[in-house]
Structures are given as structure tokens and as C-alpha cells.
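To start, the structure under review is shown below, and the notes come after it.
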């Protein structure tokens, strides 16, 4: 447990976690609350202004209708026609009605109804209607009982042939000079008259408006079906009776505006579900937080890099000595846990090399001569030196994340190389081992090296000799891709063949080999293998043949300028 708290991963994670939590928590909360309030207030003000503007237009339109109604009701020709028995002024009244219709395209019809049963309208079919039926209408009764023009709720023209034609009516009593009732003038205004004014309201994608009168009767709604549905009517009345403002339960903004020249109230309902501005503001806020964290990281990273690079630099100096052949070296196992593990593995490997070198001097070629080459593949000092040199370079540029990932990959590489001293391992571990190797080389060569590793998961637990792929991959990189101009692709594939054998492929698109060498390699001669890959490939081939038989091992196919494919077949 103590080692964990001293690990590089824990230290960096702890710093990032504390800084991120505090900064994002404080700044994010302040920004969220502030932006939410700003967006809410802007939405309320914008909607209120839109409602107020529309109510002004509606008031002006109602004033205009009242003027037209009054002109008709007080027109001398209208009064004379209703008073005279011969209706001699009828043509003049019709001409005036047509003038009214031309002045406002939204007025559908104008009707003059005399109390004696006389009906005069711009629509001939209305002249045939019975006055007794009209006198029962609410608009007629309301006009008789009021001294001013009266607006009524939305209705269908019962005396019109178009039964789906919804209108809003304005009616006014017609009186003679002695203030006696002569009849009523009726103006039917098309629904579109209000619709055109109110449709321009911007209340969001789900917002809408409607008009009610003092009796909470619906005067206008863009969907006439609401007038025939009791449930929908109750829903609208609920908004009318509530106080205007924000409804948290339904996430709605409700506004009321009383029209000055009528008993109408304009109600606006705006939904907040579509306020994408909140997300945009929050996104910008978190970008600011991220920049703040980045600034803190830049300030802290030199200290972190310095604490990481000191033990790694000591390892680098030891690797330089090993590179020159001085194996009597040892590094102090200090620093964070990951670097301690790397130093421990290095010291162990150096001791193993010393022992193996002594054994090689005492022994001639025998059954276990390949162990030296195995360990050379495990702990290539040049590879270690280059890797540590790369890590130091990253640290000098304060790239702590890459330092951590590369150091972990190197430690994992050595851990899998040792594998408890066993000569065998699973395919999964072997593929993991070569994955760590490729990752380290990718960090070194950058875009010059691309790699792709594939293997059948069903083969994961199959036991094979360890370290049979890394020498082939190393050969492909150093003798194929590195010598190539431009980037190269390395492919490592493991699959089961149709005959049940297991096939490993190491393919590169590097410079390729000479055809004469390719031929000898294709014939599986040790001479050809030595020319292609040195001791590493030769050793792998000998080990495979020793374990599985002469029919198994390595074959190589190569074309100059195209690349090389190395195949391993085992049962």
C-alpha cells in the first residue's frame, strides 16, 4: 500500500484530481447559476416585449374595427333605410358596405339587421336568413344591451354556407335621432385577421398565444379545434388564472397582457425546453475552466518532470556503460514505484547477462546455447539506452503523460520478458509483450512507424515458447522500415490455419532483401536466416525446430522495394 502512494501515477492523478475538482466545482457552479439567470431573464424580457408589441397591434386593429362599425351604425343612409318603408337608401348602404370591405381584406361580411326583420348584407345569401334567428345570437343581444361596439368570442358563421369558417364578430346597435333602437350592424372578421398579427410572435419552438375575454371564454387560438374540446379549454384557462411568470413544474413562461380597448386578455405561453443557449454558455464556461486548469498544469509540470527524470537519468548513465560493454554496473532502486521496478529489472538483467557470459565462455555449442540470444533479445542495451534517452527527451519537454506511458510500457516489457524465468508463455502474453515493444518504438520513431496487431482471441491461452516474435519485429523495424524513405507499416497477425496449425505473420513494407538472400531464407537454411536477421531470427528458428520438429519454424518472403513477410508455423 505504501508503494502505491509513492507511485508516479498516484502523485500525478492526485494533483490533477484536486486541481480539477476545486477549479471545475467553483467556476462551473458560478458560471452555471449566472448563465442560467441571464438566459432566463433575457427570455422573459424578449417574450414580454413580443407580447406587448403584438397587443399594441391588436388594440390598433380593434380601434379600427370600432371606427368602421360606428361609421356604419351612425351612417345617415343606414338609418334612413331602416326607417323608411320602401328602403330607398339600400343601394347607398351597400356601396358603403363595399367601401368598408375594400378598406380591410380581413372583414368577411357586413350585415345590417333591422328590428322589423329587414336584412341587408354584401352576401346575398345572408339576405335570405330569418331575422328572428339572428336576434337570438349572443352578438345581437350584447349589442342591444351596450352603447358601444361589442366584440364577441370566436364562433362559426351559423348563417354562412361554410360551416368551418371561424370568425370574430363586432356588433353595434343602430339608433335613430331619438335614441330608439332600429337594429344592429354586424362585422364578421376572418380568423386570419388576428392570426397574421400573432403568428409573428417569437415564443420558442413550442410557444403559442391565445386571447380570452373577461368571462375566460376563448376568443382566439391558432388551432380552432380547441373551441370544441373541453379538456383543451380547461388547459388554457389554467394558464389564464395563474400568475404570470415561470412555472417550474411545466418549465413554462406565462405572460398576460390586458387590451385597453376591450375585455380581451392576450396570453403568451413560452417553453424553455428548447433554450440551447444554456448549453452554449455552459460549453464556453467549461472551456474557460479547462484553460485555467491548463495554466496550472504548465506551472506544476516542471516540478513533476524534475522529480521523474532524476532516477531515469541515473538509469540512462548506467545504460551507456552497458552499451560500451561494462557490465559491472548497478543502479540505485529509488524514485517512484514504476522507476524502482525498472531499475530492479535492469539490475536483474545485468546480473543475468554476466552469468550467461560466464557460461558461454565455459561451454561449447550445446542444446541450450540459444539462451544467450534469448537474453540478448530480452535486454538489448542499445534498445534500453534509446528508450531511456527518448523518455528523458520527453521529460525535458515536460511531456509527463508520455513519460509515464513509455516508462510503464518499458517496465511491462521487461516483466513479460522475465515471466518468472519460464521458457514458455501464452500467446496473449507474447502478443502483449510485442505490443509494448511496438508502442515504445512508436514513441521513438513517431509517424515513421505505424503498426497493426491482430490475433484470434480463441488462441489466447495456447502455450508457446516465449520471445519468438520480438526478434522478428525488431528485425522488421531496424532492417526494413528504418531504412525506408518515408513512413512504414508493420503488421503482426496470429491466426489458426485450416489444417489446425497456428500461423504467425510479421509483415513490413520496408526496403526488402536481395533475391539471393530471399531464396536461401525461403528454403529455411540457417545461412539465409543469419544473413537476414542475425542471431535473433536464427535462434528463434532453432528453438522452434528443436521443440516442434524440422517441419516447423520460420520462412521468409521478401521483395526489394515492397517489403518482407516472416512466417512462423507451429502445431
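Cβ atoms are placed via backbone N, Cα and C, with glycine included.
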Listed range which TrEMBL flags as transmembrane segment, given the options 258-281, 282-305, 306-329: 282-305
Stretch carrying transmembrane segment according to TrEMBL (options 12-35, 36-59): 12-35
Counts of helix, strand and coil residues, the domain 'HAMP' (306-358), according to DSSP: 40 helix, 0 strand, 13 coil
